[in-house]
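*Asks:* A single structure is presented below for examination.
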Amino acid sequence: MVAQVIDGKAFAAKVRAQVADQVAKLKEENGITPGLAVVLVGEDPASQVYVRSKGKMTVEVGMNSYEHKLDADTSEADLLALIEKLNNDPAVHGILVQLPLPKHLNEDLVINSIDPAKDVDGFHISNVGLLGTGQKSMVPCTPLGCLMMLRDHHGSLSGMDAVVIGRSNIVGKPMAQLLLGDSCTVTIAHSRTKDLPDVVRRADIVVAAVGRPEMVPGDWIKEGATVIDVGINRIERDGKTKLVGDVDYASAAERAGAITPVPGGVGPMTIACLLANTLTACCRSNGLPEPEGLTA
Ligand SMILES: Nc1nc(=O)c2c([nH]1)NC[C@@H]1CN(c3ccc(C(=O)N[C@@H](CCC(=O)O)C(=O)O)cc3)C=[N+]21
């Protein structure tokens, strides 16, 4: 089988266009402009690239973008004070604190200081609990993007066997919750999983989110399975830097029914879902109906 390529870049452009339409309507009918605040602590070059790209796309869909760049040695008290200010700012509907944070800052404490209604990353313990109990929440952007692509490709996911490789709070665990919510039979696999290849071979849906370049070879993939590759790993090959996923694309594409490429798969969907979440947060805070097709 030669896999159909799931074009995340094109899908993300469609999602952003939907968001832009709704933002235009909000402005015209309600005089409201959604606003997203992004907080970056320190100078990690990769983080700077992502933050720039998020800011650009936020403005492109017609929202207000507020960027806060803080020195790497910013104190926890100063960061918490900024978050408190953003929590109380009515022009700000979404707050994202770029992760990872410098070591001296307590990530859990910082994330849990964000107003859950503005937590567009969906990392606050309240949102994690709401998602886990099937209640309305803010859903983490990367898993939401994966779910949108899976629903678009399959229609219903009901009864499918899904294996999520990776158990992070940011991707693996919320991804498993969303798949369970769509009535998949879900396995969360990780570095200690016994017979990982055989576990993966049972799956109709494989979501790889481990952060290890090309660790899933094609012969772990069941013929016709759908492969969602969340990994974004920068590697050196033939003297050049190259972006690869957690899946060995070439061999997996020979067996999968459908597969997301890296780059151009999950990554662009993550940012599109961040904008979708900001719109959702804005609608909810104003007591307006939620945007259709942009929530879990
Ligand atoms: N609080 C927080 N929320 C995040 O959502 C968050 C974060 N912190 N820290 C860093 C990671 C990483 N991340 C990406 C988003 C888009 C691409 C993306 O668009 N990638 C493109 C191209 C990447 C490239 O060329 O470098 C692609 O895959 O096609 C990648 C990575 C969001 N993150």
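Just so you know, glycine gets a Cβ as well, placed from its N, Cα and C.
As the structure is a computational prediction, the values presented were derived from the model and not from experiment.
Pasting the feature list from TrEMBL:
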- Gly166, Arg167, Ser168, Ile232: NADP(+) binding site (BINDING)
- 6-121: domain 'Tetrahydrofolate dehydrogenase/cyclohydrolase catalytic' (DOMAIN)
- 140-284: domain 'Tetrahydrofolate dehydrogenase/cyclohydrolase NAD(P)-binding' (DOMAIN)
*Asks:* Is it possible to list how many residues within the domain 'Tetrahydrofolate dehydrogenase/cyclohydrolase NAD(P)-binding' (140-284) are helical, extended or coil according to DSSP?
*Replies:* 57 helix, 32 strand, 56 coil
*Asks:* Give, as a single whole number between 0 and 100, the mean pLDDT over the domain 'Tetrahydrofolate dehydrogenase/cyclohydrolase catalytic' (6-121).
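*Replies:* Its mean pLDDT is 97.
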*Asks:* Quick one: which of the binding-site residues (Gly166, Arg167, Ser168, Ile232) have their CB closer than 6 Å to ligand 1?
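*Replies:* What lies within reach of ligand 1, judged by Cβ under 6 Å, is Ile232.
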*Asks:* If you pair up every Cα among Gly166, Arg167, Ser168, Ile232, the residues annotated as binding NADP(+), what's the maximum separation in angstrom, rounded to an integer?
*Replies:* 16
*Asks:* What are the DSSP helix/strand/coil residue counts across the domain 'Tetrahydrofolate dehydrogenase/cyclohydrolase catalytic' (6-121)?
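*Replies:* Reading the DSSP string over the domain 'Tetrahydrofolate dehydrogenase/cyclohydrolase catalytic' (6-121) gives 59 helix, 19 strand, 38 coil.
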*Asks:* 10 Å Cβ neighbour count around Gly166 (NADP(+) binding site)?
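*Replies:* So the Cβ neighbour count for Gly166 (NADP(+) binding site) comes to 23.
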